[in-house]
Amino acid sequence: MTRPSDGGRIEVICGCMYSGKTEELIRRMRQVRIARQSYRIFTPRMDTRYAEGQVASHSGSRLEAITVATMKDILAHAEDAQVVAIDELHLFDDDPAEMVRGCQWLANRGVRVIVAGLDLNYRAEPFPAMMHLLALAEQVDKLYAICVKCGAYATRSQRLIDGKPAPADAPTIVVGGLDMYEARCRTCYEPAV
């Protein structure tokens with residue numbers, strides 16, 4: 001973990017659906033709160049699965065958060081924070097380059113930036129903002145789920161439509177839960193066609 005005297009840094013928590021990304025973000029932010037560091041937690045406006053103004057894991061852990069749409073919104077609310085946490089980075093409305101620039105700007109000013117999000121979309125293609133932040137981050141933690149088909153480590157998010165893999169021409173971002181996505185390993189993942 002970083003100390004305030006260490007200066008800014010970017011930490012990325014990534015993985016497929018149901019790998020515990022938000023749970024890990026919440027765990028880190030609870031430590032920040034215990035350490036009495038000033039912080040802000042942000043969640044994207046597009047994520048409507050849980051109550052507005054909360055970051056929530058699939059297991060039920062929750063923390064208060066600020067719901068925003070863009071990096072400009074984050075920067076407007078993060079002025080005095082020592083730590084900025086951004087959940088579901090891949091769901092923000094903003095241009096991916098703006099998200100990356102904003103995270104860099106905060107870290108360059110001494111802020112510890114913790115982002116969590118999917119590294120790959122349902123087609124197993126990288127989300128652009130996450131791809132760049134993975135390369136720029138001081139710390140990267142890739143988490144794994146358990147494949148629903150075979151029990152191996154899962155690294156892919158299989159989107160389902162009526163119980164079948166979504167086609168390649170389906171929208172890249174569709175917010176959903178267990179009814180729409182399954183965690184799958186490389187072998188059990190069915191590529192979108």
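FYI, residue positions are counted from 1 along the chain as it appears here.
Cβ atoms are placed via backbone N, Cα and C, with glycine included.
As annotated by Swiss-Prot, active site, proton acceptor applies to GLU88, with the evidence given as sequence analysis. The ATP binding site annotation in Swiss-Prot covers GLY15, CYS16, MET17, TYR18, SER19, GLY20, LYS21, THR22, ASP87, GLU88, LEU89, HIS90. According to Swiss-Prot, the Zn(2+) binding site annotation covers CYS147, CYS150, CYS185, CYS188, on the basis of sequence analysis.
On the structure: features taken from Swiss-Prot.
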{"residue": "GLY15", "record": "ATP binding site", "Cβ contacts under 8 Å, 6 or more apart": "LYS21, LEU118, ASP119, LYS142, LEU143, TYR144, ALA145, THR155"}
{"residue": "SER19", "record": "ATP binding site", "Cβ contacts under 8 Å, 6 or more apart": "LEU143, TYR144, ALA145, ALA154, ALA183"}
{"residue": "LEU89", "record": "ATP binding site", "Cβ contacts under 8 Å, 6 or more apart": "PRO44, MET99, VAL115, ALA116, GLY117, PHE127, ALA129, MET130, LEU133"}
{"residue": "CYS147", "record": "Zn(2+) binding site", "Cβ contacts under 8 Å, 6 or more apart": "TYR153, ALA154, ALA183, ARG184, CYS185, CYS188"}
{"residue": "CYS150", "record": "Zn(2+) binding site", "Cβ contacts under 8 Å, 6 or more apart": "CYS185, THR187, CYS188"}
If H, G and I count as helix, E and B as strand, and all else as coil, what does DSSP give for LEU89 (ATP binding site)? helix
Just counting, how many other CB atoms are there within 10 A of the CB of ASP87 (ATP binding site)? 26
Tell me which residues of the chain lie with their Cβ under 8 angstroms from that of MET17 (ATP binding site), as long as they are six or more apart in sequence? LEU118, ALA145, SER157, TYR181, GLU182, ALA183
Same-chain shell around Zn(2+) excluding CYS147, CYS150, CYS185, CYS188, C-beta within 8 angstroms of the CB centroid, reads VAL148, LYS149, GLY151, ALA152, ALA154, ARG184, ARG186, THR187, TYR189
Quick check on the recorded positions: of LYS21, GLU88, CYS185, CYS188, whose CB has the lowest count of neighbouring CB atoms inside 10 Å? CYS188
